[in-house]
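Here is what Swiss-Prot says about this protein:
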- H73, S113, H114, A115, G146, A147, N175, Y286, E367: thiamine diphosphate binding site (BINDING)
- D145, N175: Mg(2+) binding site (BINDING)
Amino acid sequence: MALLTRIRGPRDLDRLTPAQLAELAEEIRAFLVEEVSKTGGHLGPNLGVVELTLAMHRVFDSPRDRILFDTGHQSYVHKLLTGRQDFSRLKMKGGLSGYPSRAESEHDVIENSHASTVLGYADGLAKANKIQGHKDRPVVAVIGDGALTGGMAWEALNNIADSQDLPIVIVVNDNERSYSPTIGGLANHLATLRTTQGYERFLSWGKDALQRTPVVGQAMFDTLHGAKKGLKDFIAPQGMFEDLGLKYLGPIDGHDLQALESAFTKARNFGGPVIVHCITEKGRGYHAAENNDEDRFHAVGVIHPDTGLPVKTSGKDWTSVFGEEMVALGRERRDLVAITAAMLHPVGLAPFAKAYPERIFDVGIAEQHAAVCAAGLATNGLHPVVAVYATFLNRAFDQVLMDVALHKLGVTFVLDRAGVTGTDGASHNGMWDMSILQVVPGLRLAAPRDAEQVRLQLREAVEVADAPTVVRYSKGNVGPAVPAVGTVGGMDVLRRPEADSADEAADVLIVSIGAMAPTCLEAAELLAQQGISSTVVDPRWVKPVDAALPGLAAQHRLVVTVEDNGRAGGVGSAIAQALRDADVDVPLRDFGIPQEFLDHASRGEILDEIGLTAPAIAKKIEALVSTRSFARS
């Protein structure tokens, strides 16, 4: 790593020879494999953008020239070149974020890791530069890995194309999974011509001259313009961009430093919005990634660097339980279809796709469309299951509300990675869904506590034909089964009060939501050791509030809700409202995630920090019960 350790900032790259740059690229790849294999992270995308990132930082002057990464998971090389080479605690508490982070460096402009947003940022930044008199400062937006399938990206492109004087360089990182590259001498030649200002001036003059020519001028211009457009669309994929009025350069070999620097220099000097289309290879230089047909090691856990195999085999996770049950349901119900938003493998739908390829729809990074497409499928008598990460459902809220719920359609939304997910940081914690979905009329929301409940509640959800249903579960391994000892209404009783308190009101009713069940049971045991009796129930379906819950609450001195969701507007708030509506005057305390953007750390570390552990919950309950307001009479 002789060269890499000498790089403290982007300008250190200027002194390197072409041979040294090639050597540095290999050092960076070796570093990424060695370090990310120890911590886990987005390995494949970063191996594919080494030369691209080197070229950008040699041509553009960051942070004066803003360099933005859509989604941000391909920013590891950018971090290395901007003074951040300690990857020993990548994505861990106190270590580097797995995404750009403004707290880490002035070179990081944005840190939202939801896809398809970067072009909107670029549009706004460039317009601000113009207003502030900084028109000479280009904004560079790197977008790829399917993010151009998102509608937001095209909304931004439409606006960027309307501002021809904004120096925006849009780098399309095409890793051969979103586009079919067209590479050839003629295409490269035309692309070079189209990004020179002289060519633009010539085109403008020719257009005006032809259109001023009497009788035949306009017809000749239309003919020539049509021929140019037809030839352009035939030989290269720039047509879809140039039809918007955006200039296009490419395709460029994304691993040829000289070609990349030449293209970026032309784009920088053009003075208006330019598309630079770069063909890259995801996982480049690492045999295990290159031979992985599934996703080229898009994201990995801790692996053996030599083989790419996991260091340890994990147990069954929530996602695979869902995937298995979907396959079983598919055998039983021919009307069952599935939708994913570019996350076929991560959300567990790959087995369903293999078994029933005609009943799976991958709509790209387009959660809004996924919801409306599901509405259309349901309208025609099918039952769609839309599987997304919980944090990404935020993007489709209007469609859930107005296109599914308003029409009383039987659509099931399955929310993976619900609650605190940890190492991917603030944008990936699924802590908003149970709050925003509380306001949707008719929607029913399930929070399974274990694998058995995932299977049961998924089956219950797809039986509902006249309203949207939601099933949400956590990330990672699913724990042991948590058996019920009884039922009250539609709720499972997980623990009853001790025998010596059977003839009087128990102290505490603990309402456990989803994966918090083991924590709540442990807290109840700690309370029992202090002489505080408790009942623990799992509502299973947390929206609407079970009709039996107010009556059960009335038999206790204190009600406590514990949820892996933001406290504001969550299940605790809904239960409090239900108690008020039923005139049940029992104090309620809700435990949940504070309404904050939580830094990256492990799930356990975050739960400990915010007080969602059994000892912390028990201690707070003990303090509440010991006050005069809750003392035994």
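Please read every residue number as a count from 1 along the shown chain.
Placed from the backbone N, Cα and C atoms, the Cβ positions cover glycine too.
Shown here: features listed in Swiss-Prot, placed on the structure.
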residue	record	Cβ within 10 Å
H73	thiamine diphosphate binding site	22
H114	thiamine diphosphate binding site	20
G146	thiamine diphosphate binding site	20
N175	thiamine diphosphate binding site	24
E367	thiamine diphosphate binding site	29
- Report the largest Cα to Cα distance, in Å and rounded to a whole number, among the residues H73, S113, H114, A115, G146, A147, N175, Y286, E367 that the record lists as binding thiamine diphosphate. 32
- Task: Can you see whether DSSP assigns N175 (thiamine diphosphate binding site) to helix, strand or coil?
- Result: coil
- Task: For E367 (thiamine diphosphate binding site), just give me the three-state DSSP call.
- Result: helix
